[in-house]
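See structure below.
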Amino acid sequence: VGFKAGVKEYKLTYYTPTYETKDTDILAAFRVTPQPGVPPEEAGAAVAAESSTGTWTTVWTDGLTSLDRYKGRCYHIEPVAGEESQFIAYVAYPLDLFEEGSVTNMFTSIVGNVFGFKALRALRLEDLRIPVAYVKTFQGPPHGIQVERDKLNKYGRPLLGCTIKPKLGLSAKNYGRAVYECLRGGLDFTKDDENVNSQPFMRWRDRFLFCAEANYKSQAETGEIKGHYLNATAGTCEEMMKRAVFARELGVPIVMHDYLTGGFTANTSLAHYCRDNGLLLHIHRAMHAVIDRQKNHGIHFRVLAKALRMSGGDHIHSGTVVGKLEGERDITLGFVDLLRDDFVEKDRSRGIYFTQDWVSLPGVLPVASGGIHVWHMPALTEIFGDDSVLQFGGGTLGHPWGKPPGAVANRVALEACVQARNEGRDLAREGNEIIREASKWSPELAAACEVWKEIKFEFEAMDTL
């Protein structure tokens with residue numbers, strides 16, 4: 001048979017530097033840190049093997065299949081600048097290894113086992129190229145950016161949101177009141193916090209009812225379409241769907257899900273329901289930093305963002321850039337483009353390892369939230385552009401005069417920035433001046449400017465190239 005038992009080096013089978021990648025291959029870029037003494041080719045080949053057809057020894061059933069057709073291949077290795085013992089291993093996977101329309105299966109294959117592998121000290125999945133043939137097996141976001149704008153009748157500016165705080169402990173009625181005040185003041189959206197599900201102090205059904213009431217009341221008074229992200233995340237998929245169905249029955253425009261803690265299977269089911277029933281879907285990335293914070297181990301957020309676009313969501317939290325370092329800005333804008341655009345060119349300076357063609361998959365709105373306030377508005381408008389959601393939690397609710405004036409301050413600041421931009425002014429250079437001018441006409445904005453003039457969150461960026 002030519003079958004020879006025993007252990008053989010991975011690189012004999014799985015390191016193929018002459019391989020020409022196919023248009024249908026899923027391509028992965030791994031940052032590999034091998035154990036001392038393990039050569040790069042062997043480590044790269046081990047990653048390819050253990051995440052596809054390989055196992056630690058030769059098995060006779062290998063003879064019953066065509067390894068050449070099904071094996072992952074490490075086809076290129078390059079050193080990481082400034083790192084002694086790290087390199088980028090590029091691996092190509094044949095499309096047949098993956099179930100159609102299943103992000104769950106894709107991740108189980110590519111990152112399921114190999115991250116615990118002893119020959120490696122650390123491993124990080126930096127990027128994935130999803131071939132068009134695989135993209136087409138996914139529904140993707142329930143609606144996408146254009147449909148959302150049409151549903152909301154809001155054009156030519158970023159959308160404004162606010163997370164209701166304190167996130168835990170309010171009764172449903174007080175919570176609904178906070179929602180109403182923010183929406184009434186001029187915000188487009190308010191948001192359940194990611195850990196607001198159905199706790200003893202506020203059961204989900206009560207919250208949904210009071211928030212729907214707040215939604216309708218604020219719409220009637222302002223003449224604008226409003227939304228509150230009702231968090232449907234639950235302990236079981238059935239319970240999650242029950243909440244989504246109830247939201248639809250209330251006639252609200254949008255629900256929400258924590259896609260990493262809830263899981264991709266649950267998320268994809270919910271996304272399908274949302275498209276079929278006209279609900280927008282807001283996605284929170286709770287737990288992402290557990291996976292993406294370490295520079296040498298885990299999965300970079302741009303991969304989790306791509307996976308979400310495949311699984312389905314209309315909004316996703318994507319960091320703020322503001323008040324942090326410049327290096328982070330390019331990387332963040334890299335995955336923001338991957339969320340929004342149809343076609344994204346390879347650009348290593350922005351952390352994009354592969355050209356990605358999304359064909360006709362709808363786009364996702366990036367959500368900037370976390371530690372931002374009115375002084376950040378010019379920078380946020382300039383960095384994220386119109387197709388984004390800017391979310392101010394404390395930056396709305398912390399206003400010295402209360403929530404409605406806090407909402408007014410944010411809306412005035414945003415409208416001023418958009419108008420200044422449309423008049424050709426430079427938001428990056430004149431931002432503070434633009435806000436100051438606007439605050440002369442808005443006492444609410446002036447009060448907000450006074451409160452937050454000194455607040456900064458200055459730390460070194462973790463996410464550098």
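Using N, Cα and C of the backbone, Cβ positions are placed for all residues, glycine too.
Look at Swiss-Prot and you will find LYS4 tagged as N6,N6,N6-trimethyllysine, backed by sequence analysis. Within 10 Å of the Cβ of LYS4 (N6,N6,N6-trimethyllysine) there are 8 other Cβ atoms, across all protein chains.
As annotated by Swiss-Prot, substrate binding site applies to ASN113, THR163, LYS167, ARG285, HIS317, SER369, with the evidence given as sequence analysis. The Cβ of SER369 (substrate binding site) lies under 8 Å from the Cβ of GLY161, THR163, HIS317, THR320, LEU390, GLN391, PHE392, GLY393, each of which sits 6+ residues away along the same chain.
The active site, proton acceptor annotation in Swiss-Prot covers LYS165 (among others). In three-state terms derived from DSSP, LYS165 (active site, proton acceptor) belongs to neither a helical nor a strand segment and is classed as coil.
Sequence-distant contacts of LYS191 (N6-carboxylysine), defined by Cβ-Cβ distance under 8 angstroms and a gap of at least six in the same chain, are GLY161, CYS162, THR163, ILE164, HIS228, TYR229, MET256, HIS282, GLN391, GLY393. The N6-carboxylysine annotation in Swiss-Prot covers LYS191.
Here Swiss-Prot flags LYS191, ASP193, GLU194 as Mg(2+) binding site. DSSP assigns GLU194 (Mg(2+) binding site) to coil in the three-state reduction, placing it in neither a helix nor a strand.
Summarising the environment of HIS284 (active site, proton acceptor), the number of other Cβ atoms within 10 Å of its Cβ, over all protein chains shown, is 28. DSSP assigns HIS284 (active site, proton acceptor) to a strand segment in the three-state reduction. What Swiss-Prot lists as active site, proton acceptor is HIS284 (among others).
If you look up Swiss-Prot, you'll see LYS324 marked as site 'Transition state stabilizer'.
It is GLU194 that, of the binding-site residues ASP193, GLU194, has its Cβ surrounded by the most other Cβ atoms within 10 Å.
The 10 Å shell around the Cβ of ASN113 (substrate binding site) contains 11 further Cβ atoms across the protein chains shown. Cα distances from ASP193 (Mg(2+) binding site) to the recorded positions LYS165, LYS167, HIS284, ARG285 are smallest for LYS167.
Cβ environment of ARG285 (substrate binding site): ASP258, TYR259, LEU260, PHE301, LEU304, LEU308, ILE316, HIS317, SER318 lie under 8 Å away, each six or more residues apart in the same chain. A 10 Å radius around the C-alpha of LYS167 (substrate binding site) takes in these recorded positions out of LYS4, GLU194, HIS284, in sequence order: GLU194.
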